[in-house]
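Visitor: Please find one structure pasted underneath; my questions will follow.
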Amino acid sequence: MNSFNISDSNKSWDDELLADSKSSQIIEKVEITMATKELAKRAVPAFFGTVFKHMIDITNIFFSGKISSFSKNMQIFSESDIIAGVGLGLLSYNALIFSVSWGMSSTIDTLASQAFGNKKYHLCGYYLNRYRVVSSVVFIFQLLLLYYIGDLLEMIGQPEEASRICQTFIRYQLVGLYCSVQFEGLRRYLIAQGVYNVIVYIQAACFCLHISILDGLHYNSLLTVESLAFANLVTNVMSLILLTIFCMKTTKIHREAWHYSLGSFEGLKEFIRYAIPSTLMRSLEYWVCEILMIFSGWCGSKQQAAAITAWNIYSAFYRFTSGISMATSNLVGNCLGNNDPRNGKQYAIASMLVTCIPIIFTMSFLYFLRYQIMSFSGDQTVIEIGAKLFLILMIINPTDFLQSSLFGVMVAMGYQKYGSLINIFSYFLFLIPLAYILGITYNYGVIGIFSAWIFGSILCTGLVASCVFLTDWHKLALKIQSRLSES
């Protein structure tokens, strides 16, 4: 039996520590069936948390299709322009804000999960505080890019109408975007300590709040791009406030792990050393999507609207593996921190088995409902193109999902540097040139652009799997023990 509790317990920390002191120090092997069950139990709430976040984006796209009918100021724009503009805003936010915070917060997945497994609970608080400092500094530069995002998009050839709408959509929610960055770090901090459920409850409540605000605006004919952005701001601010209050009041995290200490600043160099490759590893995948959507803009507003909509809807299903990836990072990191590489590898294998379930579900959904899920658009051309893109995404799906789960293992191992190199090679040196050739040079449009993604995903998944399973896990665990003993 493990010498640390890896379940999402409802007991107080005093009870957990008492039980832990009486447990056997002999670490037994976790059978693959038990590893799969434990991983699935943790992945479900983590999955729903990421889904609620992404459902807000999909809700924004849905309501953006209704703006032209109610906003006098937006009458000069077509429905496809508004959808493309809001979609570009979401892609810009995901590429410049969410992907960076997602990647940077995976440093917490690595360091805090390992520290928690090693029972150095105070380090969890250090890593959270270091994330707050580093992410706040980075946000200053992100703020400059986002404020002028419309001008930047026009400079790289995006349609003027969509770029203007995108800039307005982003500017009206900048404070909320900063709150979303801090929320992500706080969420990872809790997940690293095995706390999942309350995060889902808060995200579900804020998602309902978001829909209520937009529905009220729509009902009262007040729905504009500005009010759509303001609803995002309110949702993000409330999410951060509620989760912070929970951390201050709860007994589910160790009291040593929640603090504001000057010691947090002493290890900034170590945190940054992990944060840079962590951010690159996670961000590069989002950035390549942004580049592909820019390519789609060169194919016309209708093709871009179809591509952005198809990608955002597919991304909602991708949250299946985002949840699995976070749960995997947590469990594998706990095992490596506890000098238990054998069970860490068991959880890595279990992550691939659990991922097969969302793969089957997503492929079925995309195939059988490919026309229905595009029906919110009144443009038949957009619907037809979107349906074809869903067929291509269905082919991409298996390797794309497996790759995400295995990246969770790499995060737990502290292998973000290798993950970054794999993404650069697979996506930027292979996928992007191929997408340009097929989509732009040979004029296959977004169909050619998305088709190139198939080959890039296969290459990336193969390299990630090789990196994970060819590693000497015992040497890795000893290296982690040495680092933790010096912290």
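Every residue, even glycine, has its Cβ placed from backbone N, Cα and C.
No curator has checked TrEMBL annotations; they are predicted automatically.
Quantities reported herein were computed from a predicted structural model and do not represent experimental measurements.
Take a look at what TrEMBL says about it:
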- 82-104: transmembrane segment (TRANSMEM)
- 131-149: transmembrane segment (TRANSMEM)
- 194-213: transmembrane segment (TRANSMEM)
- 228-248: transmembrane segment (TRANSMEM)
- 347-369: transmembrane segment (TRANSMEM)
- 389-412: transmembrane segment (TRANSMEM)
- 424-444: transmembrane segment (TRANSMEM)
- 450-473: transmembrane segment (TRANSMEM)
Visitor: Within the same chain, where does the transmembrane segment (347-369) have neighbours whose Cβ lies under 8 angstroms from its own Cβ atoms, ignoring anything closer than 6 residues to its ends? I mean 6 or more beyond.
Guide: 30, 32, 35-36, 38-40, 43, 314, 317, 320-321, 324-325, 327-328, 331-332, 335, 390-391, 393-394, 397-398, 401-402, 404-406, 408-409, 468-469
Visitor: Can we call the transmembrane segment (228-248) and the transmembrane segment (194-213) in contact, meaning three or more C-beta pairs below 8 angstroms at a sequence separation of 6+?
Guide: yes
Visitor: If you count every Cβ pair below 8 Å, which range out of 82-104, 131-149, 194-213, 389-412 shares the most with the transmembrane segment (450-473)?
Guide: 389-412
Visitor: Do any residues, 6 or more residues outside the transmembrane segment (131-149), come within under 8 Å Cβ-to-Cβ of it, and if so which ones?
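Guide: Answer is 89, 92-93, 96-97, 100-101, 104-105, 107-108, 163, 166-167, 170-171, 174, 177-178, 181-182, 185, 189, 264-265, 268, 271-272, 275.
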Visitor: Are there residues at least 6 beyond the ends of the transmembrane segment (389-412) whose Cβ is under 8 Å from a Cβ of it, and what are they?
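Guide: Same-chain residues near the transmembrane segment (389-412) but 6 or more away: 106, 109-110, 113-114, 278, 281-282, 306-307, 310, 314, 317-318, 320-322, 324-333, 336, 344, 347-348, 351-352, 354-355, 358-359, 362-363, 366-367, 370, 373-374, 418-419, 446-447, 450-451, 453-454, 457-458, 460-461, 464-465, 467-468.
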